[in-house]
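The transmembrane segment annotation in TrEMBL covers C:12-32, C:44-63, C:98-125, C:166-186, C:216-235, C:247-267, C:274-295, C:301-319.
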Amino acid sequence: MTTIDATPATNKSPSPTNPRRRVYLPHTKYIPILATLTLLLIMYFTGVANYENFGQPSVVVNLFRDNAVLIVVAVGMTFVIITGGIDLSVGAVISMTTTLTATLLQAGWPPLVVLPTVLLLGSLLGMGMGAVIHYFKVEPFIATLAGLFLARGIALFINQSSIPIRDKLWKALSEYRIVLADGVVTKITSVTAVVVVLIAAAVLAWTRFGRNVYAIGGNADSALLMGLPVGRTKIAVYTLSGFCAALGGVLFSINSTSGWALQGQGLELDAIAACVIGGVLLTGGSGYVFGSLLGVMVYGLIQTIITFQGDLNAAWTRIIVGLLLFGFIVLQRVVTRRAR
Amino acid sequence: MGEPSPVLEMTGIRKVFPGVVALDGVDFRLFPGEIHALMGENGAGKSTLIKVLTGVYEIDGGGITLGGEQVDFTGPLQSQKAGVSTVYQEVNLCTNLTVAENIFIGREPRKFGRIQWGLMRKRAAALLARLDLNIDVSATLDTYSLAIQQMVAIARAVDVSARVLILDEPTSSLDASEVAQLFTIMRRLKDDGVAILFVSHFLDQVYEISDRLTVLRNGQLIGEYKTADLPQVQLVEKMIGKELAVLEDLEDRSQRIRAKTGDAAPILSATGLGRTGAIAPFDLTIHEGEVVGLAGLLGSGRTELARLLFGADRADSGSLQIDGKDVTLRGPQAAMKRGIAFSSENRRTEGILGDLTVRENIILALQASRGWTRPIPRRRQDELVDKYIKALQIRPADPEREVRNLSGGNQQKVLLARWLITEPRLLIIDEPTRGIDVGAKAEIQKLVAELSDGGMAVLFVSAELEEVLRLSHKIEVLRDRRLVEELENTEGVDADRIMQTIASGATS
Amino acid sequence: MTIVKHRLFWPSVILVALLVVNIFTANQFITVRDGHLFGVLPDILRGSAPLLLVALGMTLVIATGGIDLSVGAVMAISGAVACLLIKDLSNQNSVGSVLLIMAIAIGASLVLGLWNGTLVAVVGIQPIIATLILMVAGRGVAQLVTDGQIINVQSSPYATIATGHFLAVPVAFLIAIAAVVLTVLLTRRTALGLLLESVGGSPTASRLAGIRSRRITIMVYVVSGGLAGLAGLIYSANIKSADSISAGNLIELDAILAVVIGGTALIGGRFSIAGTVIGAILIQALQVTVVAVGVPSKATLLFKAVIVVALCLSQSATFRQKVFGRFRPSRPAVPAEVPA
């Protein structure tokens with residue numbers, strides 16, 4: 001009665017197309033991102049309904065302009081978090097980059113030398129942290145925390161006060177306006193941010209490196225057993241995050257035509273929060289660059305609404321972001337539990 | 001079968017871990033187009049042999065040839081490249097990726113560096129179709145059952161390198177129809193000339209699918225047999241073995257059985273207690289001073305039964321009475337409060353706390369039951385710990401040493417001491433003698449006998465029949481997650497009788 | 001067993017070295033003036049009080065394998081609540097009222113800790129995310145409490161906890177030391193320490209040994225919240241005002257660092273309160289010393305960063321092994337008897 005050896009598998013193809021644990025929701029992995037999108041739309045249309053001029057296209061376009069740096073940084077952070085790590089150093093790398101850029105430009109370096117130099121430096125710092133994490137098994141939290149101190153230390157060492165940038169190219173970039181439509185203009189920084197998002201999304205979706213990032217976050221041991229270059233990928237991810245942070249620093253310096261060592265403080269947390277709101281799981285293995293972009297948009301939209309409201313305390317931004325974080329984390333728990 | 005040259009040949013394999021000889025001159029060979037079962041109980045050396053074969057461990061002696069060439073694997077990747085692929089019980093894939101990706105990751109078809117998803121999906125679907133598996137390859141792996149995941153893992157393994165395929169307990173979490181599916185795939189691969197090494201604890205499955213089998217016991221080769229020529233009972237006997245008479249100082253069994261008080265009060269009695277997917281509903285009564293042995297192969301539900309009685313897992317059917325009162329165990333604390341103690345078979349992950357000292361490990365359960373506000377005074381701790389270090393002969397006798405630095409047998413004694421100082425009335429010990437040396441084994445058996453003489457009830461879970469027979473007043477036999485028979489341990493009962501039940505199912 | 005191998009060896013050496021440097025460079029290392037201890041050493045001890053308190057709570061949290069990012073925000077809230085209430089007192093110098101208010105502020109902090117503990121232990125959210133919520137939202141709450149202003153108070157009893165002396169010793173340091181002693185008593189005189197280490201070492205094994213890990217986990221977050229609240233009071237009493245932006249800013253990172261330098265691993269298990277005390281005082285001494293020895297203030301953080309990097313690497317077993325030790329083959333990573 002309990003024996004199963006009487007089941008010769010003669011009846012070929014017993015239609016294994018009925019996987020027992022199939023979840024009957026449309027695509028479980030898209031639920032967090034769909035939730036963020038829904039929320040974003042609700043917020044947007046609430047704004048449109050309540051405030052004059054909120055519906056103008058410039059509101060949306062300005063979201064990209066005002067949050068270009070955060071978008072770029074969040075992209076790098078997304079890669080790191082998908083592998084299951086974290087990068088606390090990004091804000092400090094921004095400050096290091098802006099300070100260094102301004103100083104070098106002031107010293108008369110040609111801008112086309114400065115740009116690759118600072119980007120390389122940010123990437124190298126990221127690579128160093130990745131190497132420490134991989135080879136010495138220092139936890140990402142601690143390694144990038146040390147990186148935070150190091151980068152901000154370098155920034156303060158170079159200069160503690162704000163340095164103006166008078167370079168022609170930087171000025172030109174800062175003042176350059178791109179006309180999207182009648183009355184809708186944007187800056188070079190927003191375009192850069194959008195390009196970064198598109199490239200990063202393509203890399204994650206269509207390259208071996210991108211897929212390895214997901215595999216490591218899903219199960220690093222399995223990834224190793226499947227012969228994937230786990231160490232190399234991990235180091236590359238932190239390098240990439242360092243690069244994105246440095247690029248964010250460059251954008252910052254273009255936006256403000258200055259460099260300041262106290263720039264970008266606490267930005268790492270904004271970036272992490274944006275990723276979480278955008279459905280990137282902090283446990284790794286799941287998330288999309290577009291999700292993080294949506295997360296940043298939610299962030300920016302809250303600020304826009306508070307500006308439009310006028311009489312609301314800026315403190316509400318943080319509280320609302322905190323509540324949203326709470327909501328999304330609980331949602332993720334529910335979703336991942338059900339998927340199990 | 002019967003082809004002249006084996007694809008894989010391991011000769012005189014020796015592997016030593018500190019304090020244990022895990023493999024002692026083991027030979028093993030595998031022919032193309034055969035399914036070869038590797039049999040043995042816990043600690044027999046199956047896992048070690050597989051890890052040697054996949055390059056996870058380096059060998060201390062012997063040699064491996066693959067396709068006639070001498071090989072020396074230094075890592076899993078190397079062995080994979082040479083054509084040895086392994087699919088483990090806990091599937092080593094990334095469940096957050098799609099089915100197609102899991103098959104092709106690291107080897108994705110690309111054009112100008114861009115992964116060709118369409119082509120990849122098509123190839124994956126074609127590969128799975130060859131295994132009679134028609135599933136949506138663009139869905140993530142975690143949306144599929146474990147059985148499907150396992151088959152995907154096999155598809156990957158075969159596609160990567162198709163000479164030798166190792167299936168390590170692939171069926172342990174599958175239901176009957178899923179097993180049938182898996183077997184279809186295995187037969188197909190066998191017909192394609194793949195050599196398959198199959199590990200399973202289900203004898204019926206072994207007899208259904210395997211052509212040949214090799215039995216290991218205590219790190220030694222017992223023999224290689226054609227499956228059709230070896231009756232099940234004989235196989236079980238070879239796996240379990242007859243132990244040497246290391247326990248002369250133990251009292252004569254008949255004497256012990258006589259000593260059992262006939263009218264002892266029942267401590268615990270379970271009626272229809274069960275948990276879906278873990279153990280079918282069972283009835284069991286345990287009396288004061290009684291040693292109840294749980295016999296059965298690994299995966300037969302021994303551990304699951306024990307965990308229910310301790311409240312480590314919640315029962316979802318039936319009722320439990322302790323001292324005649326109905327109780328629902330909401331957790332281990334509830335069971336401990338009623339005088340039940342449980343020492344897990346997974347000493348490392350569920351038992352000892354490696355960072356803590358011997359003393360701390362020993363007092364942990366007693367302290368937990370007192371709550372954190374009522375610490376055991378240090379002097380009392382030292383007294384208790386010293387007493388049990390002496391009584392159980394824990395070596396080294398240093399209470400302040402970190403437990404992870406002790407040998408397996410001594411760790412086991414530390415765990416026993418942890419529960420003994422709580423003065424339980426029912427002690428559940430799951431595989432206390434696994435993987436420890438013969439001397440420590442004898443000491444632990446002796447201790448169990450003494451405890452029972454002192455009035456403590458013991459539920460003794462062990463894969464070794466001799467041990468169960470020697471100690472128990474009553475033996476519960478499990479098979480396929482079901483309690484199939486209860487035997488009073490009287491003159492007529494012997495290992496053969498129990499093996500019969502284990503091998504062929506309920507006689508009742 | 002050589003002393004060099006002890007985990008606290010290098011941190012202690014560096015701490016002593018820093019203090020020795022101060023003996024030679026500072027005008028006054030330690031003297032008595034107006035019946036008070038005066039000089040660099042008392043300054044270091046007084047200044048380290050808030051960090052010490054926060055790091056103490058963090059140690060317990062980390063011992064269970066968790067982390068508490070919200071301590072800075074809790075400090076800000078506690079200071080804000082206290083200053084708000086004190087400002088409204090008819091007599092700001094009433095000792096009884098000030099004590100009561102401090103109790104209220106700490107009570108609020110305990111509630112915030114309970115919130116964290118509940119999210120971690122009951123809802124089952126990863127500690128780093130669970131406490132991120134309060135970290136982000138908490139500062140907003142503090143800003144709401146103070147209405148975005150800096151609230152100044154003139155209360156001498158309140159100021160005493162930061163700048164006062166008792167028996168010639170700075171009161172702030174006495175408070176911190178009292179907290180340390182209490183924590184040591186709480187963890188080592190009761191069984192709490194053992195149970196904490198057990199839960200941090202292996203939650204599964206602890207459960208099977210009958211430990212109610214949920215309660216213990218909640219408790220450590222409550223304690224951490226309370227200690228952060230106390231630290232917030234000292235901080236705000238020191239500047240005689242509530243500054244919801246800069247109070248406890250980034251202190252969570254310093255605190256985690258102090259714990260790690262003190263030899264408690266982020267994965268949980270064994271913890272060392274003595275190590276944390278050394279770590280916290282070391283970080284403060286470092287800050288004071290770099291100024292005292294005339295390292296230009298711009299290099300302060302860089303100097304700190306270098307030492308932090310060195311200390312973090314010294315606590316990585318892999319690093320020590322790769323760099324210092326080739327004498328001994330590592331133990332096999334896999335246990336001898338693996339289930340077949």
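Each residue, glycine too, has its Cβ placed from N, Cα and C.
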- prompt: Would the transmembrane segment (C:274-295) count as touching the transmembrane segment (C:44-63), if touching means at least three Cβ pairs under 8 Å and pairs must be 6 or more apart in sequence?
  reply: yes
Message: For the transmembrane segment (C:301-319), give me same-chain residues lying six or more residues beyond its boundaries with a C-beta closer than 8 angstroms to one of its C-beta atoms, as numbers and ranges.
response: 7, 10-11, 14, 257, 260-261, 263, 265, 283, 286-287, 290, 295
Query: Does the transmembrane segment (C:216-235) make contact with the transmembrane segment (C:12-32) through 3 or more Cβ pairs under 8 Å, each pair 6 or more apart in sequence?
result: no
Statement: Among C:44-63, C:98-125, C:247-267, the stretch with the most Cβ pairs under 8 Å to the transmembrane segment (C:166-186) is C:44-63
Statement: Tertiary contacts of the transmembrane segment (C:247-267), defined by C-beta under 8 angstroms and 6+ residue spacing from its ends, are 7-8, 11, 50-52, 54-55, 58-59, 62-63, 65, 67-76, 79-80, 135, 142, 200, 228, 231-232, 235-236, 274-280, 282-283, 308, 311-312, 315
